[in-house]
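Q: For reference, the structure I am asking about is given below.
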Amino acid sequence: MRTIISLLLLSAMVFAVIEAISLEEGLQLFEGERGCVGENQQCADWARPHCCSGYYCTCRYFPKCICRKDSGK
């Protein structure tokens with residue numbers, strides 16, 4: 001009985017460590033994307049909200065700046 005409980009506790013600890021590592025990697029991957037907005041959403045170059053990757057903030061109709069797709073120019 002002790003062996004079974006020990007194995008269950010050990011597997012729970014291993015699972016918790018694996019989950020913590022996965023979560024940490026995921027947070028690092030998308031850390032820069034938090035608080036960003038997508039296409040045709042209102043943005044600000046100088047403050048938040050800023051555009052997500054692949055978009056840029058254009059203020060053609062100031063003060064309503066919006067995110068547009070970055071064509072790679």
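Even glycines carry a Cβ here, placed using N, Cα and C.
Okay, so Swiss-Prot annotates it like this:
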DISULFID  CYS36-CYS52  disulfide bond
DISULFID  CYS43-CYS57  disulfide bond
DISULFID  CYS51-CYS67  disulfide bond
DISULFID  CYS59-CYS65  disulfide bond
MOD_RES   SER71  serine amide
SIGNAL    1-20  signal peptide
Q: For CYS36 (disulfide bond) and CYS51 (disulfide bond), determine the Cα separation and express it in whole Å.
A: 5
Q: Out of the recorded positions listed (CYS51, CYS65, CYS67, SER71), which are within 10 Å of CYS57 (disulfide bond), Cα to Cα?
A: CYS51, CYS65, CYS67
Q: For CYS59 (disulfide bond), which of the listed recorded positions (CYS43, CYS51, CYS52, SER71) have their CA atom within 10 A of its CA?
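A: Near CYS59 (disulfide bond), where near means Cα within 10 Å, the recorded positions are CYS43.
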Q: Give me the CA-CA distance between CYS43 (disulfide bond) and CYS65 (disulfide bond), in Å, as a whole number.
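A: CYS43 (disulfide bond) to CYS65 (disulfide bond), Cα-Cα distance: 5 Å.
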Q: Give the distance between the Cα atoms of CYS52 (disulfide bond) and SER71 (serine amide), rounded to the nearest whole Å.
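A: Cα of CYS52 (disulfide bond) to Cα of SER71 (serine amide) measures 14 Å after rounding.
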Q: What kind of secondary structure is CYS59 (disulfide bond) part of, going by DSSP in three states?
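A: CYS59 (disulfide bond) sits in a strand per DSSP.
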Q: Provide, as an integer number of angstrom, the distance between the C-alpha atoms of SER71 (serine amide) and CYS51 (disulfide bond).
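A: So the alpha carbons of SER71 (serine amide) and CYS51 (disulfide bond) sit roughly 14 Å from each other.
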